[in-house]
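Asker: Have a look at the structure that comes next, please.
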Amino acid sequence: MTITPPEQQVKRVRVAFVSNPVETSFEKWSRPGHFSRLLSKGPNTTTWIWNLHADAHDFDNHTTDLEDISRKVFSAHFGQLAIIEIWLSGMFFHGARFSNYEAWLLDPIHVKPSAQIVWPIVGQEILNGDVGGNFQGIQITSGLFQLWRSCGITSEFQLYITALTGLIFSAVLFFAGWFHYHKAAPKLEWFQNVESMLNHHLSGLLGLGCLSWAGHQIHVSLPINKLLDSGVNPAELPLPHDFILDKSLISQLYPSFSKGLAPFFTFHWSEYSDFLTFRGGLNNVTGGLWLTDVAHHHLALAVLFILAGHMYKTNWKIGHDIKGLLESHTGPFTGQGHKGLYEIFTNSWHAQLSLNLAMMGSLSIIVAQHMYSMPPYPYIAIDYGTELSLFTHHYWIGGFCIVGAAAHAAIFMVRDYDPALNFNNLLDRVLLHRDAIISHLNWVCIFLGLHSFGLYIHNDTLSALGRPQDMFSDSAIQLQPVFAQWIQNTHYLAPTLTAFNLVSPTTPVWGGDVVSISGKVAMMPIKLGTADFLVHHIHAFTIHVTVLILLKGVLFSRSSRLIPDKASLGFRFPCDGPGRGGTCQVSAWDHVFLGLFWMYNSISVAIFHFSWKMQSDVWGTVLANKVSHITGGNFSQGSLTINGWLRDFLWAQSSQVIQSYGSPLSAYGLMFLGAHFVWAFTLMFLFSGRGYWQELIESIVWAHNKLKVAPNIQPRALSITQGRAVGVAHYLLGGIATTWSFFLARIISVG
């Protein structure tokens, strides 16, 4: 039996801060590079501006004091949130001032959402298309109108008030950022108190956040949406606070309100089943999730999170201790287990950030999967442009977050990892057998790449030879995704097998009937076949290669056989000095650089798959009980070959963006062209030798010297790392903007 010493049991938690630690002054604003002795001297060469941008937010470079770094990060978070509030306020203001929101509310099926009007300066007013409701503007695909309706916002005046509230909140956040750095700055112990932080974040942010949202949905959103669904004019609705203050009003819609809180305290909770439901599936009026299901979901989450926020030990003797939890995780093959991880996560914010980015990135991709299959807001399911935009948007965010996770994991390894404190724990053991991990992962990538592309090349070859009977397809040699089909069927049967309280399956994707709104498909069963089997293995390949590059960068960031002292060279370095061949582009930063390209590959294939699959097999119109899809179900045959992807998807569907000139969609045509140019321009940075450019610059400088117009600041060619950074940034920018314009011009035209 282990007896805990009494001094370990009592860990007094308090809010520890220092008053007036840093004087408020604008003086530093006028001194670029004030955080570095070298940069603050000003520029001698053009490299100065690059180093300024690279290091301005790298607080580790400014100071080694973890407390000061923590305060800077904490303060910067308030500034970031304030900027987000201003941005959101702008969204609401556009909805109030420049939109057809009220017209859309009256007829969300035929009126398209618009919250942007282009001013006529040199003829750009052509972009203002007729979106219905006697309004001309740019069609938006953000999903904000559908979100606002589900919140219960029924007038543009309410949007003005919300926009103003956002601005006031942003001012409060700016003040908080200044206050907690200059007036009352927390001590390091406050940042490192994980139990208290977990309790407050779980109970406060998530628990009370969900509870307040559930309250809003029950008291405001539900009655307003029920009346809107039944055809009541938004202008004739009672105001939101009327439903809150006048119980008789809401009781007419949901009779259990007349019983008050008695059923709650007597545990007769089923009495509330008129507004807290467990129906599953989609509302057949709006095509969105049942709002009563959504309110129930948030209430359940609130209970879970509020309970979760009471689990961790602070000033009382009960509860979990994170350090204890981690260190008790040992097994027969894991050595010291998680010993040392607590110290890592409380002393390295890069390690903490890495973990959070990996989880948030994965969550964003999960959100993308749910946004189309379980559309959360009314009428969003029949707004195909918005559905496609939200899927793509959440995929990109997920991809960038996951690459960021690898980047900060590598920075942690280089800057914060101490081998002496991590002897024979899980992290040490992973590092010790990194060669086995990477070589196995490499083999998996080769296997997946050869076989997945091999299947396509087989099909391309036999298609060219005119032998369709020998191709892999649903009508010849079938490769059915049997496991995926089994999962679909299991979910479809859930109400009769596992979830007896559920009225219907969670989404029509699993099987069942088509859900259509005014003759337009909202969602329907998605059949999977050989074509999906093939492209899913391309997904597996691209994702595994991305992981291979990123994980290799992390595991070899401190040392490798080639450069045993890599840790001393830092997170990013071009080469290990002159005269050492083969040591260029092996830094952890270079792995992030390469990982970004493969992340781009992974996401492009996934969003292309989604776009084509939905147009082919889901989206369309219902006439005489028959579904007519946008591309007539051509995915199952067209996507079996690489040639088919090029011909039937990229080429066939780019006609709208290429022919958009002279129409309200012409901006997408120009963006498509411009983004291709930006993308192509990056190849000059990515395939280029620095020496060539430096020589060219020297000769241009020589000419300037001859004419006595030489600059004081010497021009320098970009370093290898700078060139790669500029290259990858614009490669991704060009690629994303090309895809964006291609998708939107297409789906707005045909959707």
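The backbone N, Cα and C atoms fix where each Cβ goes, and this holds for glycine too.
Quick paste of what Swiss-Prot says about this protein:
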- C575, C584: [4Fe-4S] cluster binding site (BINDING)
- H676: chlorophyll a' binding site (BINDING)
- M684, Y692: chlorophyll a binding site (BINDING)
- W693: phylloquinone binding site (BINDING)
- 73-96: transmembrane segment (TRANSMEM)
- 159-182: transmembrane segment (TRANSMEM)
- 198-222: transmembrane segment (TRANSMEM)
- 294-312: transmembrane segment (TRANSMEM)
- 349-372: transmembrane segment (TRANSMEM)
- 388-414: transmembrane segment (TRANSMEM)
- 436-458: transmembrane segment (TRANSMEM)
- 533-551: transmembrane segment (TRANSMEM)
- 591-612: transmembrane segment (TRANSMEM)
- 665-687: transmembrane segment (TRANSMEM)
- 725-745: transmembrane segment (TRANSMEM)
Asker: Can you tell me which of 159-182, 436-458, 533-551 gets the most C-beta pairs within less than 8 Å of the transmembrane segment (388-414)?
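Answerer: Highest pair count goes to 533-551.
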Asker: Could you state the whole-number distance in Å separating the C-alpha atoms of C575 ([4Fe-4S] cluster binding site) and W693 (phylloquinone binding site)?
Answerer: 18
Asker: Please identify the stretch among 159-182, 436-458, 725-745 with the greatest number of Cβ pairs below 8 Å relative to the transmembrane segment (591-612).
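Answerer: Between the candidates 159-182, 436-458, 725-745, the best contact partner of the transmembrane segment (591-612) is 725-745.
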Asker: How would DSSP class C575 ([4Fe-4S] cluster binding site) in three states?
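Answerer: DSSP call for C575 ([4Fe-4S] cluster binding site): coil, neither helix nor strand.
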Asker: Grab the same-chain neighbours of the transmembrane segment (665-687) for me: Cβ-Cβ under 8 Å, and only residues 6 or more beyond its ends, written as numbers and ranges.
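Answerer: For the transmembrane segment (665-687), the sequence-distant neighbours (Cβ-Cβ under 8 Å, at least 6 residues beyond its ends) are 126-127, 129, 654, 656-659, 718, 723-724, 726-728, 730-731, 733-738, 740-742, 744-745, 748-749.
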Asker: Have a look around C575 ([4Fe-4S] cluster binding site) and count the other CB atoms within 10 A of its CB, chains all included.
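Answerer: Looking across every protein chain shown, the total is 17.
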Asker: What is the number of other Cβ atoms found within 10 Å of the Cβ of Y692 (chlorophyll a binding site)?
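Answerer: A count of 10.
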Asker: What residues elsewhere in the chain lie close to the transmembrane segment (294-312), defined as a C-beta under 8 angstroms and at least 6 residues from its ends?
Answerer: 150, 194-196, 198-204, 206-208, 210-211, 213-214, 217-218, 221-222, 275-278, 319-322, 376
Asker: Write out the long-range same-chain contacts of H676 (chlorophyll a' binding site), meaning residues 6 or more apart in sequence whose Cβ is under 8 Å from its Cβ.
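Answerer: Long-range Cβ contacts: G734, T738.
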Asker: With every protein chain in view, how many other Cβ atoms are within 10 Å of the Cβ of C584 ([4Fe-4S] cluster binding site)?
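Answerer: Its Cβ has 13 other Cβ atoms within 10 Å.
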Asker: Three states by DSSP: which one describes Y692 (chlorophyll a binding site)?
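Answerer: DSSP assigns Y692 (chlorophyll a binding site) to helix.
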Asker: When a 10 Å sphere is centred on the Cβ of W693 (phylloquinone binding site), how many other Cβ atoms does it contain?
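Answerer: If we count other Cβ atoms within 10 Å of W693 (phylloquinone binding site), we arrive at 17.
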Asker: Taking the Cβ of M684 (chlorophyll a binding site) as centre, how many other Cβ atoms lie within 10 Å?
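Answerer: For M684 (chlorophyll a binding site), the 10 Å Cβ neighbour count is 13.
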